[in-house]
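TrEMBL has this to say about the protein:
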TRANSMEM  B:9-30  transmembrane segment
DOMAIN    B:94-291  domain 'ABC transmembrane type-1'
TRANSMEM  B:98-118  transmembrane segment
TRANSMEM  B:130-152  transmembrane segment
TRANSMEM  B:172-191  transmembrane segment
TRANSMEM  B:230-252  transmembrane segment
TRANSMEM  B:272-298  transmembrane segment
Amino acid sequence: MSSTHELSKMRSDELTPDLFEKLDRDDVRVDTVSRASLTAWQDIRMRLTSNKLAMFGFFLIIVMVLLAIFMPFIWPFDHYTNNLTNTNKPPDAKHWFGTDDLGRDMFERVWMGARISLFVGVAAALIDLVIGIIYGGIMGYYGGKIDEVMNRFAEILYSIPYLLVVILLLVVMEPSLTTIIIAMSITGWVNMAWIVRGQVMQLKNQEYALASKALGAGEMRIIFRHLIPNAMGPILVTLTLTIPNAIFTEAFLSFLGLGVQSPVASWGTMINDGVGGLFYYPWRLFFPAIFLSIVIFAFNVFGDGLRDAFDPKLRK
Amino acid sequence: MLRFISGKFLFMLLSMFLLITATFFLMNAIPGSPLQGEKATSEAVQKNLEAYYGLDKPLIVQYGKYLENLLHGDLGISMKMKFRSVDKMIAESFGPSLRLGITALITSVVVGCILGILAAMHHRKLLDNLAMTIAVIGLAIPSIVLAPTMQYFLGTKLGWFNVAGLDGPLDYVLPTIALASGPIAFIARLLRSTMIEVLGSDFIKTAKSKGLSGYVIVVKHAFRNSMLPVVTYLGYLTAGIITGSVVVENIFAIPGIGKHFVTSIIDRDYPLIMGITIFYAAILMLTRFLADVAYVLVDPRMRSGGKVGK
């Protein structure tokens, strides 16, 4: 039974002599603390920076953001001028990622798409954050009847399938970047609100909150100055992991033709365009597809690293 | 426990009702009549058409009629494909979608669980790292990227699979991978983290000290107790597979509901959009409800209160 062996090796609690080391009495300094004393944030930063995969994700995010901001300024082509004598060209020295069916430079379009994807991701996550903190903070702090009613409302919103609501809203509204973000935020904030609620409920009876109350601090001050900052860990993690979801949702909606309208193109739109000509012009699919995957990957591994760093159970 | 389940059931009905209402009024909020075509029609024809579709009555009457029809399973008539009823279109295209969906669901759970268990049992060793690398890649590559990429390399370049259709068993391979890769990754990670925690708990030590074999410990004790999060996830898994199927059916030209859904959105065929939305929502809420019931049945703490169950 190799698995028994594995198990016993994994959880071996036996004390064998080789685990012990003989120390001279003079070498032991009981009066000094050998490990540097760290504040909570220092500890979290240390654990995060020592996580190679998470730092790699962070690096990728920074690079993508910088490229998305600056590349469109540097690159000699723009994303909207058609050049019908130069359509569907494979990548070469002039057009690094080739051109699309209207002769537009794909390299430029990929970075303009990056702007949209990153903007949608961050904007949707921030709106979720604001609504979630206010709603969840109030739910968690007041509790009782207020919590019950507000929670029921959130539950009902949550029970309606997210993407179906977003699709319905976009069918009705004029498709644009703003409408996509609004549609995504209408039900997207519920998750964040629940995270905040749970944290606030747990924190509100701790001594420092009670002390602040005893000193006569107002409720809003207690919620926003004491409880929310202390609940920042799980909030940050949820925020980071919301971004790739929002980016994916935007790509999905653009794929359905409900995204931003031409000549602006997000990665989802470009992928959708690319699928049609896949067998003849594969580069039109692959470049936006690769960058979409990289960004989703980067935010996911960074978010995971952040969660591990904030988890006291994983502390060594 | 019975109270818990009936509560969940009522909640499901309430959500469903709200979604139907929201769908109806949203679709009616769109300016312009869906009957205004590019060709000018005479007043009389327009009136006739409106009467035929019941659009001449006040909104609240239309709403009542819509609800009444829904109870009979009548979802109205498609506006682009004249004389075809939406429920017939859904019924006809449900077969391929269901077969593909079930295949993807089973694949996700089975492969995801196997990867998760292997990773937990070999925690911080080669197999664990391997499984988790697969999982991270699976999470990062969305179906709208994976499906066309596989179609291009495995279908066109290597010629191993058909690039379109759902005729033979081999045709299921690529769409299933495209649908299941994300959920596999999610389940594997979920199961791994819970199982590592469970394997460290006291009752596993007890089981080990009783001399049970590793296999029995993992399958009967650790796995059973790590399953709860996976069971909860099943409802969301269905949502993910439905979402994915919309993309995958289009890319692989599978004549399922997802394909109709995209066409209906492009055509702005409102009755069809409404019908499919409600149909999807019904499936989703039902699976979520079943997942809740399964949770109660699996969780021994929930069982102790009621008489139902074991």
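Just so it is clear, glycine is given a Cβ too, placed from its N, Cα and C backbone atoms.
Whatever TrEMBL says is automated annotation, not expert-curated.
Note that this is a predicted model, so its numbers are computed, not measured.
Only pairs six or more apart in sequence are counted, and the transmembrane segment (B:98-118) with the transmembrane segment (B:272-298) gives fewer than three Cβ pairs under 8 Å, not enough to call it a contact. Beyond the ends of the transmembrane segment (B:130-152), by six or more residues, the same chain brings 115-116, 118-119, 163, 174-175, 177-179, 181-182, 184-186, 188-189, 192, 244, 247-248, 251-252 to within a C-beta distance below 8 angstroms of the stretch. A Cβ distance under 8 Å defines the sequence-distant neighbours of the transmembrane segment (B:9-30), meaning residues of its chain 6+ beyond its ends; these are 59, 62-63, 66-67, 70, 270, 273-274, 277-278, 281-282, 285-286, 288-289. Listed as Cβ neighbours of the transmembrane segment (B:230-252) (distance under 8 Å, sequence separation of 6 or more from its ends, same chain) are residues 96-97, 100-101, 104-105, 108-109, 112-113, 143-144, 147-148, 151, 163-166, 171, 174-175, 178-179, 182-183, 186-187, 190-191, 258-259, 261-262, 280, 283-284, 287-288, 290-292, 294-295, 298.
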